[in-house]
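The next block holds one structure in the form of structure tokens; read it before the comments.
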Amino acid sequence: MDSQKNTNLALQALEVLAQYHNISINPEEIKHKFDIDGHGLNQTKWLLAAKSLGLKVRTANKTVDRLPFLHLPALAWRDDGEHFILLKIDQETDRYLIFDLIQKNPIVLDKNEFEERYQSKVILIASRASIVGNLAKFDFTWFIPAVIKYRKIFIETLIVSIFLQIFALITPLFFQVVMDKVLVHRGFSTLNVITVALAIVVLFEIILGGLRTYVFAHSTSRIDVELGARLFRHLLALPISYFEARRVGDTVARVRELDQIRNFLTGQALTSILDLLFSFIFFAVMWYYSPKLTLVVLGSLPCYVIWSVFISPILRRRLDDKFARNADNQSFLVESVTAINTIKAMAISPQMTNIWDKQLASYVAVSFKVTVLATIGQQGIQLIQKAVMVINLWLGAHLVISGDLSIGQLIAFNMLAGQIISPVIRLAQIWQDFQQVGISVTRLGDVLNSPTENNTASVSLPEIQGEISFRNIKFRYKPDSPMILNNINLDISQGEVIGIVGRSGSGKSTLTKLIQRFYIPEQGQVLIDGHDLALADPNWLRRQVGVVLQDNVLLNRSIRENIALTNPGMPMEKVIAAAKLAGAHDFISELREGYNTVVGEQGAGLSGGQRQRIAIARALVNNPRILIFDEATSALDYESENIIMHNMHKICQNRTVLIIAHRLSTVKNADRIIVMDKGEIIEQGKHQELLKDEKGLYSYLHQLQVN
């Protein structure tokens, strides 16, 4: 391979890795800065170039066996310049997914094939944003700052716990005095004093116990609110790709795992831990009474731990299975309710019921196994507790008979042992709940640890004018999927009306998604007014871009609120003006409550054409500089479509408009028509110009529609 090609591979690797980390890159600028002599990017220059983009990089020499422990993707550097990117390693099958920079495609290699390519040199890459994200990773450590934040409340709880433990220590001593002194000497006056004192202790114990529970619940509720608020904010900030890669029910199931964490935080787990911390005081008093009996109690503690450790892995696997089945049920339920019209129309309720019954039976079976295993765990703990009680009774009775221990001391000892064993038993049982919470934290982590589409490099730019440029765009939704857009180069002038046509799956809608920055291209740049959208704030961009889709979702609010969704305080005059422009004002005025009519869930109270016109009004009300119609009129009746087309000149005035349509009549008056096929632009021009090429795709589509 010649040096020029080697240079290109190193630069291509930097491009791919930068795009992976959502970092904009200009290859020509990199060559200008770091390839001054024209000999290409060697390892040193490559590292400097990567650091200039904000990437954290370091070199390492690693054997093949050590690669699974690295943070991927990473660049495998070769002396001959045939570098490649290591994407993923499947340790079970010894398969290696790499991105071949020569073929420009991901390929899978077995271990022998990989070892032939790999030369033990690897460059580890991470973006600064991802490093910050990892530091803030959601797991059990997330709760530590929250505890520190409310440390005053927790310190107060700790103080209350100390007093509770003192009271718990005093009570057995009272019983010892009664048994050994009062009963023997018939000291009624002493009995009265002890009874009053014990009643006061019990009263304070109840009050302080309730106060501790209240304070703890109050503080954990604050943590719960913070976690819930953070979860929803993060969920809305996730990129479209996150939701497209997951079922709705699966996402809902993960969010509902917050309930498990809430129940755990507000339960007895944390108070039991506090009680256990003071156990050493009880052990000291118990040792004073009887070292032999104390050793029996101490010997039981490892038994609780061993039993819990034995049960936990099995329980965790069952809980994982239970969550997966529950997620399947959630997904199927959401899908069924969403598609209820189709289910009714096709009379497939029996088939759907059959599927639901099978899934439900599977879930119930798994839940039953979890319950059985949890019961076995709890009964095992009870068995250990009863065994300790029997041994202590037998040994204690021997000690009393031999005169080494009084009856009062035996009773007091058993009460103190109960104070130690009780939190241990609770914790052993709570350990099973902890397994469920651990899974819940992991599931929630899938949401909270996923990177949002905003990044630290995002900047708000001046008001959009409307000039759009696509430069050498290549894009696909998944690394192992075919290219959706390939070598797209397109310049759209400010105020130009562009029609985009082509067969289904040709990449028309994907092109507009890049304009909305739903995705970052694998290669190339999308520019608006000369600004790279990879560096732009998505919210700044989308506030100035109006979009009307084929299937628009209306919220369960009034028509006015749906139109003025982005600005609830918008003057009514602007709402009405947008509705008139969209041809919606007349039918809205005929409704009994006019603009205050609640449309129902997803606009169920309106016809398809009415929903579409409200969606168009919603897109127009903010006076966007860029307007995208993605099959926006395909669902309209001819009368509604005629109203929209009649107003199209006003709608397009002083705006850059992109109209995606299958009906060519919708775009024939556009300033320019773009014809796409298989992810490429194959024709462009005005309607009449394109018809002159009788062998062209546009002419072919036009002929089909005419006939």
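Using N, Cα and C of the backbone, Cβ positions are placed for all residues, glycine too.
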Stretch carrying transmembrane segment according to Swiss-Prot (options 387-407, 408-428): 387-407
Long-range Cβ environment of Gly502 (ATP binding site), under 8 Å and at least 6 residues apart: Lys508, Val675, Met676, Asp677, Leu697
Neighbourhood of Gly507 (ATP binding site), C-beta criterion under 8 angstroms, separation at least six: Ile484, Leu485, Ile488, Met676, Lys678, Gly679, Glu680
Distance from His83 (active site) back to Ser506 (ATP binding site), taken between C-alpha atoms, in Å: 32
Gly505 (ATP binding site) CB neighbourhood, other CB atoms within 10 A: 13
Fewest-neighbour residue among binding-site residues, criterion Cβ within 10 Å, set Ser504, Ser509: Ser504
Check: same-chain CB within 8 A of ATP site center, minus Gly502, Arg503, Ser504, Gly505, Ser506, Gly507, Lys508, Ser509: Met676, Asp677
